[in-house]
Amino acid sequence: DGTEPSHMHYENDENYFRGYEWWLMKEAKKRNPKIKMIGLPWTFPGWIGKGENWPYDYPDVTAYYVVSWILGAKQYHDLDIDYIGIWNERAFNSKYIKLLRYTLDKHGLQQVRIIASDRLWEPISFVLLLDSELHGVVDVIGAHYPGTKTVPNALLTKKKLWSSEDYSTFNDEVGAGCWARILNQNYVNGNMTSTIAWNLVASYYEELPFGRCGLMTAQEPWSGHYKVEAPIWITAHTTQFTQPGWSYLQVDGHLKGGGSFVALTDGLGNLTIIIETMTHNHSQCIRPPVLHFSVTPQTATFNLKGSFYMIETLQVWHSRLGFESGNTSLFQQLKPVKVWRGSFSLDLNVDEVYTLTTLRTGQKCGCPEPPQPQPFPSNYKDDFNIRNPPFSEAPNFADQTGVFEYFINASDPGDHVFTLRQVVVQRPITWASDADQTISLIGNFKWVNLTITCDIYIENARDGGVFIAGRVNNGGIYVRRAQGVFFWVFADGTYRVTGDLAGEKILMKGLSGVRDNTWHTLTLNIQGTSASGQLNGYPLWENVTISKPSNGWAAIGTRSFEFAQFDNFHVE
């Protein structure tokens, strides 16, 4: 649902203060110092492939790039990266994985473990069984959206098995049901000892392709409003009463009446049992589809043996997803369960989660109410005049292809010292279908009539170009098909109005007199079915008929992967 800035835009470039991830990792460590940090490349900067859309032709360059990020995390933020992946949901390369291990060790990073291959169980499991050297350097097999199942070859490797990306489901009560079910059943059915949710917090415009597919929602930075959704409290049933390093007990966790349970211990006498009874229709995940199963109310009797036989009471935490009935209850502490001679029974209804634990540390925060939700301001300005910005990118702009960063023009006489600059100048080794143009979205998807004004500066002589746009209707993995009203000016002195980002649907074109390396002001006005454009305050084109889309975001961007600058952005 957007692009993220690399620590190395170019071969000779290193910067460990871009983007929000460093801040996010440090905030996570403040809350739980034991939390694990994992790095996984989605897209690589283009220079790594030396012109090819492939990261493995020069494996030493790719390994250098990845290890630099791990070293930078430690040097600049004192963050220890625990695990590193290969390439998200794309091909792996055995030679590269071995070279990555060698490069990590050479830099004293023996403790960093390797996950492969963040796609499916095969072919990585089969290859690990054939290649003993590769088997020696891969520590974890990570699969994405495994549907709680693994495969025989993965079990034969004797490696740790992880669902290294899962969930990705709209965060209502069905999303909470999905999450409760897979958190348990990934282990019960598939022997997976880690399940990682994509994504942590839905902090991006909701109308992007995976709107609200986070464990909670915080998509209004302008108002400060957020919502702690049900999946957060489902998470708490496991994470408040376990830690990385605890072990699953090897018991059959299928309940007779449907549903599942897992039991974990810290090896020091503590025991945590998590039970879920999610029904089929109330626990659908976005993928893969799950075959029908039935769950009925039941009484479950648990027998504790060995060192756990001595336990006398267990603390109880409970959630019930109410759905249509509306009687939802999330993460409530109930009265402790008495254990008699290692045995206790529990009446289980459907769509419930229980945690029974020897730990007495659970808590449901009494947090202040967040601010009320507000739409994006209908009159919004940014002049980018900030000397020491806390982040590398301007607030509320959502880059969908390319990266737009604060920039200081040391040579400018004064009007445009502080600007926003598009800085990706080579098509990346893409993960998703990035556009051939760069684009950053902003505003309210529901906007219909609007005026956008922005100062623009084309840096590429001859073939450079920039645009401002309104009613933009797509982004994320679908950005290539974005439609809207796009007002382009080019370094060759021409302009165009198009109905799409790709520039194929031309509504108007002509001469503008715009030149590269000089500032111009563009204004785009869209009212009803008509649009008009101004250049430097004078009308350039008018009465262009707009059919669709009927609403969408405002946007800025460039014709290709090229340097260009923007200043004094204003949308009303």
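Every residue, even glycine, has its Cβ placed from backbone N, Cα and C.
Curation plays no part in TrEMBL annotations; they are all automatic predictions.
Annotation comment: TrEMBL describes 1-240 as domain 'Glycosyl hydrolase family 59 catalytic'. Here TrEMBL flags Glu89 as active site, proton donor/acceptor. The active site, nucleophile annotation in TrEMBL covers Glu165. Look at TrEMBL and you will find 248-363 tagged as domain 'Glycosyl hydrolase family 59 central'. Summarising the annotation, TrEMBL assigns domain 'Glycosyl hydrolase family 59 C-terminal lectin' to 399-572.
Across the domain 'Glycosyl hydrolase family 59 central' (248-363), DSSP classifies residues as 11 helix, 51 strand, 54 coil. You'll find the Cα of Glu165 (active site, nucleophile) roughly 10 Å from the Cα of Glu89 (active site, proton donor/acceptor).
The Cβ of Glu89 (active site, proton donor/acceptor) lies under 8 Å from the Cβ of Asp118, Arg119, His144, Trp431, each on the same chain and at least six residues away in sequence. Of all Cβ atoms in the protein chains displayed, 22 besides its own lie within 10 Å of the Cβ of Glu165 (active site, nucleophile).
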